[in-house]
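Since the structure comes first, as structure tokens, the remarks are kept for the end.
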Amino acid sequence: MSFWDRLFGGRSENAQDRQRLDYLSEALVLERQGDYDAAVTSYRLALRERPDDLKVLQNLAIALSKIGRVEEAIRAYRKALEIDPSLSGAHYGLAFLLIKRGDGHFAVKHLKAFLAQAPAGPETERWVAHAQATLDQLIATDSSSPSAGT
């Protein structure tokens, strides 16, 4: 599954929805093959059946970000966070997309949320360290800007 278990999405709890699972499986295979546009289509088809599926929403956001569709990826992460505000992986992904878009001040909130409930383990240490370093840099940059304190 990789990319950090698709940013903590884990495994789907409802195995009865065969069509959604077929679309999801297809999308994951397409991503591994590097066909992100086709993967996005499959994720969207999976969402037709279950529009609030957190795993699919997060995977969709990842695929969209890989093909440069930042605004759509941001919307997918935000929808996932509306459903479950505790999704640390969605906070992480959203934070870095906001930074990429030039909205570092909005990313601070999501980096803090990620770090407040960051997963533990050797596999996640580098992601946690990266988030902390980025947060520290954003805070330092914000406090040293000429408009700080105004």
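Each residue, glycine too, has its Cβ placed from N, Cα and C.
The repeat 'TPR' annotation in TrEMBL covers 20-53, 54-87.
The DSSP breakdown of the repeat 'TPR' (20-53) into helical (H, G, I), extended (E, B) and coil residues amounts to 27 helix, 0 strand, 7 coil. Helix, strand and coil counts under DSSP for the repeat 'TPR' (54-87) come to 27 helix, 0 strand, 7 coil.
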